[in-house]
Each structure stands twice: as structure tokens, then as C-alpha cells.
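Annotated in TrEMBL:
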ACT_SITE  H229  active site, tele-hemiaminal-histidine intermediate
BINDING   G56, S57, G58, H59, K109, D114  substrate binding site
DOMAIN    9-344  domain 'DhaK'
DOMAIN    380-579  domain 'DhaL'
REGION    345-374  region 'Disordered'
Amino acid sequence: MTSKKLINSVANCADDALAGLVACNPNLQLLQGHRVVLRSDLDSLKGRVALLSGGGSGHEPAHAGFIGKGMLTGVIAGAVFTSPAVGSILAAIRAVAQAGTVGTLLIVKNYTGDRLNFGLAREQARAAGIPVEMVVIGDDSAFTVLKKAGRRGLCGTVLIHKGLISVWVQVAGALAEAGVGLEEITERVSMVTKAMGTLGVSLSSCSVPGSRPTFELAADEVELGLGIHGEAGVRRIKIATADKIVTLMLDHMTNSSNVSHVPVKAGSSVVLMVNNLGGLSFLELGIIADAAVRSLEGRGVKIARSFVGTFMSALEMQGLSLTLLLVDEPLLKLIDAETTASAWPNTPRVSVTGRKRSRAAPTEPLEARDSTPAGGVASKKVVLVLERVCSTLLGMEDHLNALDRAAGDGDCGITHSRAAKAIQGWLKEGPPPARPAQLLSKLSMLLLEKMGGSSGALYGLFLTAAAQPLKAKTDLPAWSAAMDAGLEAMQKYGKAAPGDRTMLDSLWAAGQELQAWKSPGADLLQILTKAVKSAEAAAQATKNMEAGAGRASYISSARLDQPDPGAVAAAAILRAILEVLQS
């Protein structure tokens, strides 16, 4: 079965993608009759060296995203994962030559089709008297034994564009912008390529439009050292943590017994590029970047610059590549040079290593001293209540997640478990405050910080507001007033009302019963028992309600045949409190 793609047609998808890029970027133009994109200010390059690159489509934003002042002059694109036509490459060379450039450097990834087609176009152009040079970029660090075909061209090509094709193109682009001659640019770019390496890893394959995935991976496998067209890597390994995967990648890339290794050692200065192969989430990309920085700095390597994002993709492949480039100050200046290329990141021109990455948290205001002795009878009761609440929520994680999946992301159980674990950790640090106002305030801050999601905010609001009436008194009427204050705050900021199918329904039902605490001679447990039963009944009743607030309000009521997970959790918390007090 072919994969789903948002395209108009398989045959025209590469052309449509380039048309969209040019339509939204006034600095670019299409060359009529060819799949070629050029700088719109081509005539301003008279007397300078032009930089052309390209290859198969499907690697966006490479290569057209790196066209601009300080990077590429133009790009020749093929169909998806297919080398561009010789005629189009030659047309691009002629176009920049007729604009008055003094020579053209072709920056080509080391794949057979690209070498052949760009090479043939180069020979034809030279035969016509046009000065053209070509550098073939091979930065793949996957293979421990050098193959006859050489190292594949991967994301490091982007560094060369910048000075590297992102670093290649950036470096070459900066040299060209500075008016350096064709032969010198070619020589310096060739030197840079020898100090660079890239290694990829992926959790999944990719699929060319109209085709099936190029390979299959088991659920517990990842592919190490694969190419950007879905070619097999050096081996398949069991999935592991991001830290372990990154360590394995860097070990492989820098191992001196690996013929394609990067000679990075303690004291080396490098540019780090963390590249998304297309389908990795930004969350995962950040985790990988953090792991790479920690691992490199732990080896004594100085990270002079870092670039994190999507630079050279493989369609929707769920994977990444790491690129390391050894740098000195002259090379860094080229990488830092200004560029108007839309896909090149606007990254600060400062070293990553040695920079202070955190600042001290603001000091908290001093709290009034708790006159109730910590660890006393009241404090011990609080511990028992909280422990029961935590064990209850942890035991309900799967059930709450299942209920939540009908209305959204299915993480209600995870969120409540996170709160429970945070409370358990807090209790291990020492006895909780015995004074109710301080206890609720502390719990509020803890849940706001650790629980997350809208549930964390709502519980935090409830507890913060509920603490206020308990500062003066802690009798049953004060506890009833605390419930009222908490419910009012939840409604004010959460915009939910009773009957909207939220956690408020359970708490509201309990709050109505707890009004009886305000009457003289009220019985704590008798009224609390009725309140808990009302909360549980209200929670079950939410299955028949139409959602009026929260994520569930966007779902058809016909699909919501289960009770609201937040309401179920709130009722369970009240039940846990009651059971401890009864015992």
C-alpha cells in the first residue's frame, strides 16, 4: 500500500514544490523550461564566481532553500530522489555565465547519478569555453571500510553551501561573495570536506510519492548509518534512549579505526549540526541536541557553533543525522558570514561551549512561621491522606488514559500519575505543613510546577483559592468556604460550568453537599460521605452530558459514551480522603 501524500500528482510534485517556494520568495526565480531555481538578482553577480548545487527532490529545504546572497547562486532539481537532467544543469551554467559571472563551481553530493550528470554538464560547458569546476561532497561516516564509490554525500553538503553546503555552501558562498577566484574556492572547499563527517539514524523508512516505504523496521529497531534516500545503513540496533543513541553515533563517527571517521578529539573545536531527516518531532530534536552537546563537551570537545533544524531531509523519514566539522577561526568567519538564504538559521555567532545556560531562580518570599509542630498528629494524618490519594491515582493511570482517548490525547492518567509521583517525592523530603492554608498553598505550587496540562493549572487554581479562607479559621464552615472559593476560581479562569462535562461536575456536586458543614453541630464524616457519593454520581453522569468546555467540547457528543476522566479522577481523590478519615 502506498503512503498518503498531500500532492496534486506524483509526476509534478517536484515542480509544484519549487513553484510554491519561488511564489513565496521574491529573491528567487525559475528558469523557464527547466527545473532550475536562481537568485533573482543574478545580474549583481557580474565578475564573481557562481555556486550551483542540486540533486533529487525530496530533501527539502535542500537545496533551493539555501539559495541567496552568501550561499548558493542557483539549484538544479531532479524528480524525487532522482538526479537532475544534464540539459537543465547545463542551462543553469549558461544562465549564470551569461549574467557575467567569471566561473561556476558545482557542489555535488557523492551519488553516482549526480556525479555523472553534473560531470557531463561540466564537460559540455567547458567545451563551450565556460570555466566550471566541480567538488564532490562525501561526508558519510557510516562505513568503517572505504567503498569504491566513496563516502556518500549527506547533510554536511549544506555546510559547504554556507561555507560547508550548509556549511559547505555557506563557506563557498561566503568566499564567492568576497570575490575569491574559482580555483581557490574549489581548493578550499575540498579541504573543508576532509574535516567533516555525518552519520544518520532512523526510526522509520520513507516513501517516494506513489510508492511503498523503501524498507521496514521492527517496532524495536532503528537503522544506523542509512543514506538520505532510504538506503540501508551499517547495521540495525535495538531502540534505546536518546543519550545512548547519540553516544553510539559519536563513538562511531570519531573512532580512529573507522576509515571515514572525523578526527575529533579532546581540545578540538567543531561545528555541530543536528539535522531532522523529515519526520522527527521538534521535541525529539531538542532532546537529541541536548544529548549531543553534553556528550561532546564530556569528551573535552569545544562546540564553536551549533545548528539544529531541518537542513537536508529524506521526505518524511523519522530520523536524524549528526554532522561534525572541525573548524578554526578563519573557517568560522565564513560560516558566520551573512546570508539571505531562507533555510539557513539565524543563529548567534557565539560559542556554544563556555556559555552560561541558566540563571538563578527568583527568591521566594518568606512565609509566616508554622506554629504547629512538624511531624505532629495533624501532620501524620495529612501524610496518610496524601499517600492514599497518590496510590489511588497511580492505580487509575491506564483507566483514565483510556477514558481520555475518546476526547483527545489520552494523557489524563499520565498527568495525574505525574502529580502523584511529585507529591510522593515531596513527602520524602520531610513532613508537610500541618496548617491547612500552608498545606494547600504548597500543594498548589507543586502541582502547578510538576503536574502540567490544564489539570495542573485547574488544581493549582482550586488549591490556591481554597487556602485563603483557611488562613483565619480551620473549622468545618471554613472548609466549606474553602471549597466554595476553589470552585469559584476554577469557573472564573477555566470557563467551565456545572453540566459542561468536566472535573468541575464532580467537585461542584461535592461542594453542594459540603454546604451543610456551615450548620451548627454538623457531622464531618456523615456530610463528607454524602459529598463523595454525590461526586461519584456526578462523574458517572458526565457520560450523558454534551461537553461544553475543554478539549472534549470539539468532539461529537455521539462519540463521548464514557464519563469524563477528570471528573472520575476528582471523585476518586475525594473517596481516598474519606477512606483515610474513616479509618
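Glycine is no exception: its Cβ is also placed from the backbone N, Cα and C atoms.
For the pair H59 (substrate binding site) and the residue listed as 'active site, tele-hemiaminal-histidine intermediate', the C-alpha distance works out to 9 angstrom. The substrate site is set by G56, S57, G58, H59, K109, D114; from the centre of their CB atoms, other residues of the chain with a CB within 8 Å are G54, G55, A62, H63, A77, G78, V80, F81, T82, S83, Y111, I228, H229. The average pLDDT computed over the domain 'DhaL' (380-579) stands at 91.
The separation of the residue listed as 'active site, tele-hemiaminal-histidine intermediate' from S57 (substrate binding site), Cα to Cα, is 10 Å. With a cut-off of 8 Å between CB atoms and residues at least 6 apart in sequence, the same chain places A77, G78, A79, V80, F81, T82, S83, P84, G113, H229 near G56 (substrate binding site), listed in sequence order. H59 (substrate binding site): 29 other CB atoms within 10 A of its CB, across all protein chains. Here the recorded positions are S57, K109, H229; the one with the fewest Cβ atoms within 10 Å of its Cβ is H229.
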